[in-house]
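As structure tokens, the structure follows; a few thoughts come after it.
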Amino acid sequence: MSVTTLPSSALTQRQQSWLVRLFDYKPFLIVMCLAPAIGLLTVFLTYPLGLGIWLAFTDTTIGRRGVFVGLENFQYLLSDPLWWNAVFYSVFYTAVATFGKFALGFWLALLLNNHFPFKSLLRAIVLLPWIVPTVLSALAFWWIYDPQFSIISYLLVDVLHWRTSNIDFLGTPWPARFSLIAANIWRGIPFVAISLLAGLQTISPSLYEAAMLDGASASQRFRYITFPMMMPILAIVMTFSIIFTFTDFQLVYAITRGGPVNSTHLLATLAFQRGIAGGELGEGAAIAVSMIPFLVFATLFSYFGLARRKWQQGEAND
Amino acid sequence: MTDAVAQPSAVANAAPDTMAWDSRARRVMMIYLPLSCFVLILLFPFYWMAVTAFKPNAELLNYKAHNPFWITSPTLAHIKHLLFDTAYPRWLKTTMFVAIGSTTLSLFASTLAAYAIERLRFRGSPYVGLGIYLAYLVPPSILFIPLATVVVQFGLFDSPLALILVYPTFLVPFCTWLLIGYFKSIPYELEECALVDGATRLQILRRITLPLAVPGLISAGIFSFTLSWNEFIYALAFIQSGANKTVPVAILTELVTGDVYQWGALMAGSLLGSLPVAIFYSLFVDYYVSSLTGAVKE
């Protein structure tokens with residue numbers, strides 16, 4: 001590499017002040033360039049991550065330094081039905097919402113991959129739910145789910161006459177759970193669709209032509225070309241989606257705050273309620289830390305599960 | 001889900017021009033109909049937000065006499081209430097300040113980091129890149145409790161400055177990742193030429209690499225701006241006083257009061273709070289989509 005020869009030539013060519021020379025000294029420059037990013041991440045990410053794990057083993061509250069209490073917080077959580085409830089709903093929420101987002105997002109990506117007028121405009125419009133602040137669109141959903149003035153109830157009852165009474169979206173546990181999942185899917189579709197669309201566009205049309213010459217049907221082309229070719233991108237997008245759905249906070253906090261009767265608490269909202277609102281920092285941190293094993297497992301599962309399928313596919317085709 | 005089953009037929013249309021037998025009616029059924037359903041559902045909440053924001057209260061709560069999908073006598077009362085009777089302008093200003101501050105900070109940090117990782121190749125640079133990227137996978141929901149104690153230790157609790165310093169934790173990894181990809185696409189020969197001509201490293205960065213990377217910087221900037229505008233959990237946990245809140249937090253905690261919700265004002269606030277990002281985004285939508293898709297392709 002010519003890089004290594006440079007500093008010496010630059011030195012001989014010109015008389016430079018020591019400051020300029022210092023900034024042209026590669027190791028120094030590398031350290032200087034990395035310092036802001038690494039510094040910020042260390043102070044506000046790595047250190048808090050470690051601190052959070054430490055806090056989970058203490059009984060710290062707001063305004064009082066805690067002492068080490070071992071596994072007490074976790075033992076308490078294991079006997080706490082609310083925590084189990086939050087675990088159940090977090091897993092359920094992630095599974096159903098991820099499935100919905102990917103089924104509908106993949107479909108939307110396939111639709112957007114066609115040729116039609118105003119394509120780029122449509123693509124921009126479709127991203128809107130992802131762009132605007134989640135809390136603000138969550139407020140719109142809250143209003144849409146209003147027990148008395150819900151527009152969906154109005155449509156079903158007064159316009160279509162399919163039902164006789166308004167739907168109680170957020171008043172009882174199961175409807176509330178599904179309402180939140182629907183809002184999450186609505187918010188997640190654009191990102192999935194646009195990312196998968198990028199993947200679809202990298203698939204060479206010649207593969208489809210070859211398959212069609214061989215007489216493959218539309219469903220076979222999807223099954224044996226589109227799907228395997230999309231596997232790597234699916235794996236990445238799904239990993240991201242699972243992580244950020246599992247740790248979701250805003251939607252639930254904005255629409256139900258965990259209610260009715262704590263049935264829609266996710267681990268993140270429960271951690272907030274106990275840790276910040278309730279002041280039990282240690283317990284809140286323990287709830288947050290209890291998310292880590294699920295996240296690691298989900299990441300490994302989605303990433304390696306999907307990546308391995310891709311590898312097997314390649315093996316079978318060879 | 002039946003939707004997923006319907007995909008294969010949509011794929012048939014994905015291969016351009018090869019479907020000569022594809023009739024017009026079939027195309028309408030398979031593409032335009034589902035597509036318009038998607039657009040309708042994805043946009044409806046925004047339409048509903050806008051309609052509610054400009055509706056007088058009498059119409060808002062009486063579906064029998066007024067068609068809820070339309071406004072018979074639009075009013076600016078909700079927006080007027082929001083701008084003059086609440087601290088909304090102040091929240092907007094705080095949010096703007098925080099978003100611009102954290103965007104600047106993270107662009108600065110991640111440009112330098114991406115340049116060092118991609119162009120000043122050193123032993124272990126791929127690992128540093130991977131480490132920064134992994135930081136993106138740490139969700140804020142795990143960090144906010146310990147970060148709150150860190151913010152208190154630094155004496156920054158209830159100050160917008162705390163948000164400016166904390167937001168880079170999720171902005172820097174993303175921007176660095178995006179800019180590394182962008183720097184890769186700039187031919188290295190250009191820098192070599194400058195090196196031969198005796199330019200220093202910093203001169204090269206300022207005069208050659210950065211001007212060429214402007215589209216990448218713009219998209220990283222848009223991402224950072226929208227992400228910090230939309231951020232919620234840190235702003236909720238670290239800011240206590242009503243005046244220092246950001247728009248998303250303030251609408252939820254300051255405007256939602258009592259049992260009777262002021263839906264008109266709430267929706268007007270949501271609409272106004274969404275507009276800056278929507279406008280910002282629409283100005284640079286091409287950069288945005290291409291960088292999003294580009295980043296995924298990496």
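Cβ atoms here come from the backbone N, Cα and C positions, even for glycine.
Bear in mind that TrEMBL entries carry predicted annotations, made automatically and left uncurated.
Sequence annotations record features per position, and here TrEMBL assigns transmembrane segment to B:29-50 (among others).
Look at TrEMBL and you will find B:92-284 tagged as domain 'ABC transmembrane type-1'.
Same-chain residues lying 6 or more positions outside the transmembrane segment (B:96-117) and placing a CB less than 8 Å from one of its CB atoms are 125-126, 128-129, 132, 160, 163-165, 167-168, 171-172, 175-176, 179-180, 182-183, 205, 209-210, 213, 217, 220-221, 224-225, 228-229, 235, 246, 276. Positions annotated as transmembrane segment by TrEMBL: B:96-117 (among others).
Long-range neighbours of the transmembrane segment (B:129-155) within the same chain, counting only residues 6 or more positions beyond its ends whose Cβ lies under 8 Å from a Cβ of the stretch, are 113, 117-118, 162, 166, 169-170, 172-174, 176-177, 180, 231, 233-234, 237-238. Residues or ranges marked as transmembrane segment in TrEMBL: B:129-155 (among others).
According to TrEMBL, the feature transmembrane segment maps to B:161-183 (among others).
Long-range contacts of the transmembrane segment (B:204-226) within the same chain, counting only residues at least 6 positions beyond its ends with a Cβ under 8 Å from a Cβ of the stretch, are 99-100, 102-103, 106-107, 110-111, 115, 119, 167, 171, 174-175, 178-179, 181-183, 186, 190-191, 194-195, 277, 280-281, 284, 287-288, 290-291. For B:204-226 (among others), the entry in TrEMBL reads transmembrane segment.
Taken from TrEMBL, the feature transmembrane segment covers B:264-284 (among others).
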